[in-house]
Amino acid sequence: MLTSDPALLLELKTRRPPSLVERAGCETWSVDFSPDGAWFAWSMGHGIVWVVAWPLDSEESQNGETDRGDKSFSCGHPVWGLAFGPRPPKSNATACPAKARSEGKNSLLLATGLENGVIKIWNVLTGSAVFDLHGHEGVVRDLVFPQNGTLTLISSSRDKTLRIWDLAHKGKKVQVLYGHKDWISSCCVSSDCSMIASMVCLWSLRSYTFIRNLTGGAHKTVYLLSSCDFSPDGAILATAAFSGSSWWIDLWDPYTAEKLSSLSLLHSDYFEDYGQNQISAIQFSPNGLHLTLVTDDRALRIWELGEKGMVMETKRDRDSNGLCCKYHPQGGVVATGTRDGHVRFWRAPSAVPSLCHLCRSILRHSISTHQIEALPLPKRILEYLTYKNIPERLKSCCSSDEEEWES
């Protein structure tokens, strides 16, 4: 379904049986694209997950070279988190997809986290359940696979634990990380697969040990944490938190625990009307230039780090709350899920990264902040490479005539 909003590409609305209409449990808590961007999945409520081919008019689908039929998975319990596994390995058997799938060499996995604490693993290409993972004692709120191509799955739960599963051994080898005092609603993995972030807690994915908490700054008392995400190069961790009387976006250096920048959603001009709305989800764009925000008024906002205003801001729609968002792996499209079980696809702003940004991203993907600071480079270059050139904070009270940013 298309609408008059120029940024809205498509909206998928859920068709439910009459017995499920107007019943609770229809929320789209999670959406995800497969690593190659060929599949899209969303939890449409009532324990059902839909997986559709993306885009719908792909050449592969028309030529019949691969199985691109849409799938529907009935999980039996409300689905709160989902994540695609790594891209299927290429082999000589790809000439005969049916044979490859039967041999398990060309499978694409989808993990779904349920309200009863169970994680169900599905084979997307065959549409069959593979196995279940048991251990969590609360809602499985978030799931993530590292980008190194291994069958390692990290899950966060309302039982205040993180679990690291080895799916190559059907989850029989598991590491449990304790230490949180509250529910864990979000987790993410750095691009070099060395760190896990569960809100403002950092863990080592190599030794399965606690590293540090990210605390401090102007708003030391945090009442609620909702989402977190690493930048594509792993040099920045963004967190969304409610503190004092407003929601904040904080940008951290995960290596030094230094807060690089803070953005208040209450006092800035472009958030004046929405300051009390919860930030449901945040995510960096694939090129690292933008940070996407979804709030409970269903609005999508895209912020360019260090800039005064939003590069994109959709119209308010309070008919349904925004709950989640996900960029397409190649960028250009952002999918958002809402409380009514619908999904919207938005045209993301196009931006060509500068040569400086590309060089910084490549360098920071494998070099930590401490290693950068040890290099004999001019101060201005060091500040750029460590993202300290981003303005530190938006003034808490500013008028339209005053300068909004202070360095």
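Placement of Cβ uses the backbone N, Cα and C atoms for every residue, glycine included.
Just so you know, TrEMBL annotations never went through curation; they're auto-generated.
Per TrEMBL, the features are as follows:
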- 133-167: repeat 'WD' (REPEAT)
- 279-313: repeat 'WD' (REPEAT)
- 327-346: repeat 'WD' (REPEAT)
- 349-391: domain 'SOCS box' (DOMAIN)
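Within the chain, the repeat 'WD' (327-346) has long-range Cβ neighbours (under 8 A, six or more residues past its boundaries) at 7-14, 16, 26-31, 33-37, 40, 42-45, 54, 283-287, 292, 294, 298, 300, 302, 312, 314, 319-321. Sorting each residue of the repeat 'WD' (327-346) by its DSSP state yields 0 helix, 11 strand, 9 coil. Across the repeat 'WD' (279-313), DSSP assigns 0 helix, 21 strand, 14 coil.
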